[in-house]
Amino acid sequence: MMDSPFLELWQSKAVSIREQLGLGDRPNDSYCYNSAKNSTVLQGVTFGGIPTVLLIDVSCFLFLILVFSIIRRRFWDYGRIALVSEADSESRFQRLSSTSSSGQQDFENELGCCPWLTAIFRLHDDQILEWCGEDAIHYLSFQRHIIFLLVVVSFLSLCVILPVNLSGDLLDKDPYSFGRTTIANLQTDNDLLWLHTIFAVIYLFLTVGFMRHHTQSIKYKEENLVRRTLFITGLPRDARKETVESHFRDAYPTCEVVDVQLCYNVAKLIYLCKEKKKTEKSLTYYTNLQVKTGQRTLINPKPCGQFCCCEVLGCEWEDAISYYTRMKDRLLERITEEERHVQDQPLGMAFVTFQEKSMATYILKDFNACKCQSLQCKGEPQPSSHSRELYTSKWTVTFAADPEDICWKNLSIQGLRWWLQWLGINFTLFLGLFFLTTPSIILSTMDKFNVTKPIHALNNPIISQFFPTLLLWSFSALLPSIVYYSTLLESHWTKSGENQIMMTKVYIFLIFMVLILPSLGLTSLDFFFRWLFDKTSSEASIRLECVFLPDQGAFFVNYVIASAFIGNGMELLRLPGLILYTFRMIMAKTAADRRNVKQNQAFQYEFGAMYAWMLCVFTVIVAYSITCPIIAPFGLIYILLKHMVDRHNLYFVYLPAKLEKGIHFAAVNQALAAPILCLFWLYFFSFLRLGMKAPATLFTFLVLLLTILVCLAHTCFGCFKHLSPLNYKTEEPASDKGSEAEAHMPPPFTPYVPRILNGLASERTALSPQQQQQQTYGAIHNISGTIPGQCLAQSATGSVAAAPQEA
């Protein structure tokens, strides 16, 4: 049968492309990571250096475990800082309550020597749920699904793919040759190459199946208050609470408004309240010390004043109680003054709480869903006599986030200022990572200065494999910290949005740093763009076949080994946090300040960064599980150790976080990128080794294209589903559900304050105990008591949704 003209043209173009890339029948293995001649770094060694790297990494892991055990037992309760943190920081899930606190202490004492090690295996999900919240349970459930997936992948890769690769005879017969275990060992005319593509498709379906099972297990207990509260942006800054309430009453007469809260800028007030709280704790500390010892303590409150050995001008000592009393009075004056100016700083935001969830859903649908009439689609909400005054057509309406998810101090940063700040931070971040994205640039620089020439004859695997993979892990560990702090500077309105953006950015940068650029043999994004766009560059024809060099897979196997042992060991030790902790303890001016540092050292678990880092390694494992099946069991070891370390850290180290479920679904979507990249790798192999017209290449291309189209369709429908009214399920009001529903009426609405301000509110207002226990959005209830009869409930940092900021 004659070939079609389309395939003839396709084949000619493919041959032309392969000729431009300088590809022959076999890959050119004279270069991979460095194009410099006679490079002494990253050259092939016995079995890719894997045995040596494994031995060194396991030894380092045991050493890190020993160091952590000593530090945890001897210094500052460092290994369980979440348990010694102040109770106010943990009130979100009633941590350190009378029951759970005593239970925790019994648990610690019961385990005896090295309790943290056995606690990893003895902890139950119920304990983690009570102590750490729902998000920790979903995160650990995600890891367990990844573990089961990698068990299946490891079994198939070792029992099917590895024997197939070993059956080839293209490379040396040396049993110590790592290349014999890779797909590069098979001849191009070997029909067994079809098996690799079929198993890549199987891995894709397995990943989809396991991830779907995980998403079905994600069950969030929606807060009644959250689901019946709407967050509104785009309000005129001079809008009044009564006007907004009248608008909803007139436009939606069937929807009963419980409360309307306007949002004001309280960022400075929150900061002052935090400082006042620290000062009060220090004052209490020295007051109790005086009662106990009968003597007043002298301190030197100047920076590094504790290191002054004598009293000189500018370094005088003073009474601790007098100093902190004076600081407290000064802060109270500033808080009182700031409260008086709060209402002069409106944010143009509000949140409205309704009697029923169905009412909030109905209004959200009216504002967001496109309603088509004839040939026109419009989204104008129902009008009222106040619509023009309130500019309702410019409103952005979303469901409100949980109050614990709000970054209260960031609400004042919005509109053009927010976008300019975001662009500036990310442009600077991109420039910084543009020229330094993989440690290969350091290795090539070492070659230029002949640093490694003396060991050229040794061909030592410690130099050629251990240090490069250690450098790669070090850079991949540093990058999340850089992206983390840059994301904090972006001033997101919710912690969920902050974590989701962080996860996306870290994952993309890590995939480029760890997988794509090293696979292509590129040293940085600078070279990547030059290779991509500069057709006259000498590097433009020498990169793609680097993906399938025999020793290429060994580099990634060693990286996964380093991540499994050194990475998880360092994550348990948390060396950057330990250094910061030590620095803060040294710089604390007084013993009371050091006590405050110790109690405020615990932070919330950054699910976004941790998801991204774990998914990066998972993507490397799956992407090379076909071309280099040896990587799969080491990947399983990595995720098992990661799971145990995270169980320990979530329970003993980090404070619980209250996030939206969107971040867990985003992690599932990113996990699906792993088998897609595996298909990409097989397609590149088929294209470079077999040609475009080969049946295996065409089949892989069609599967890959279909997968990408399905993912794009899913993403697009997910992005635009709010335009369809069918996606807003309206529940029946309680009055239509009978007496059974009436028994579950929502509790009465009572204003609520941000956590840091709640203590002041309870101290200075006459709120009843029942009122203090109920949660709502945004209010500051006459904290200072300086404005008699006036409630500053409107001067609130309102609840926000995890939506992008509007100008």
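From the backbone N, Cα and C atoms, a Cβ is placed for every residue, glycine too.
Positions annotated as N-linked glycosylation site by Swiss-Prot: ASN38 (among others).
Marked as N-linked glycosylation site by Swiss-Prot on the basis of sequence analysis: ASN450 (among others).
As annotated by Swiss-Prot, phosphoserine applies to SER739, with the evidence given as similarity to another entry.
Summarising the annotation, Swiss-Prot assigns region 'Intracellular linker IL2' to 219-414.
Sequence annotations record features per position, and here Swiss-Prot assigns region 'Gating helix' to 555-586. Per-residue pLDDT, averaged along the region 'Gating helix' (555-586), amounts to 84 for this model.
Here Swiss-Prot flags 1-51 (among others) as topological domain 'Extracellular'.
Look at Swiss-Prot and you will find 75-134 (among others) tagged as topological domain 'Cytoplasmic', backed by experimental evidence.
Annotation comment: Swiss-Prot describes 168-191 (among others) as topological domain 'Extracellular', evidence class experimental evidence.
According to Swiss-Prot, the feature topological domain 'Cytoplasmic' maps to 218-416 (among others), an assignment based on experimental evidence.
What Swiss-Prot records for 445-462 (among others) is topological domain 'Extracellular', and it gives experimental evidence as the kind of evidence.
Positions annotated as topological domain 'Cytoplasmic' by Swiss-Prot, on the basis of experimental evidence: 491-495 (among others).
The topological domain 'Extracellular' annotation in Swiss-Prot covers 533-554 (among others).
Residues or ranges marked as topological domain 'Cytoplasmic' in Swiss-Prot: 587-606 (among others).
Proximity of distant same-chain residues to the topological domain 'Extracellular' (625-628), defined by a Cβ-Cβ separation under 8 Å and at least 6 residues beyond the stretch ends, is recorded for 153, 157, 161, 181-184, 196, 199-200, 203, 548, 552-554, 556-557, 635, 678, 681-682, 685. The topological domain 'Extracellular' annotation in Swiss-Prot covers 625-628 (among others) and is backed by experimental evidence.
The topological domain 'Cytoplasmic' feature in Swiss-Prot is assigned to 652-661 (among others); the stated evidence is experimental evidence.
Marked as topological domain 'Extracellular' by Swiss-Prot on the basis of experimental evidence: 690-694 (among others).
Outside the transmembrane segment (662-689), and at least 6 residues removed from its termini, the chain residues within Cβ reach (under 8 Å) are 14, 18, 21, 23, 25, 27, 135, 138-139, 142, 146, 183, 188, 193, 196-197, 200-201, 203-204, 206-208, 211, 214-215, 218, 496, 499-500, 503-504, 507, 511, 515, 519, 544-545, 547-548, 607-608, 611-612, 615, 618-619, 621-627, 696-697, 700-701, 703-704, 707-708, 711, 715, 802. Under DSSP, the residues of the topological domain 'Cytoplasmic' (587-606) split into helix, strand and coil as follows: 10 helix, 1 strand, 9 coil. Only pairs six or more apart in sequence are counted, and the transmembrane segment (607-624) with the transmembrane segment (135-167) gives three or more Cβ pairs under 8 Å, enough to call it a contact.
Long-range contacts of the transmembrane segment (629-651) within its own chain (CB-CB distance under 8 A, at least 6 residues past either end) are made by residues 50, 82, 116, 119-121, 123, 127-128, 131-132, 136, 139-140, 143-144, 146-147, 150-151, 153-154, 157-158, 161-162, 165, 178, 181, 553, 556-557, 560-561, 563-565, 567-568, 571-572, 574, 605, 610, 614, 617-618, 620-622.
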